[in-house]
Amino acid sequence: DRDSCVDKSRCSKYGYYQECQDCCKKAGHNGGTCMFFKCKCA
């Protein structure tokens, strides 16, 4: 699920956490970035 990483992955305010990117990749996406403390899959 595209939004499942939002709750699971904590983010810093700027840039992305590796945790977010890994979660998104496991979900089948290319990766993820963090915006406003939330993980977004891309």
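Glycine too: its Cβ is placed from the backbone N, Cα and C atoms.
Note that the structure is predicted; figures quoted are calculated from it, not measured.
What Swiss-Prot says about this one:
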- CYS5-CYS23: disulfide bond (DISULFID)
- CYS11-CYS34: disulfide bond (DISULFID)
- CYS20-CYS39: disulfide bond (DISULFID)
- CYS24-CYS41: disulfide bond (DISULFID)
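Location within the structure of each feature annotated in Swiss-Prot.
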| residue | record | DSSP (3 states) |
| --- | --- | --- |
| CYS5 | disulfide bond | helix |
| CYS20 | disulfide bond | helix |
| CYS34 | disulfide bond | strand |
| CYS39 | disulfide bond | strand |
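All chains included, 25 other C-beta atoms sit within 10 angstroms of the C-beta of CYS20 (disulfide bond). Of the recorded residues, CYS34 (disulfide bond) and CYS23 (disulfide bond) place their C-alpha atoms 12 Å from one another. Residue pair CYS41 (disulfide bond) / CYS23 (disulfide bond) shows a Cα separation of 9 Å.
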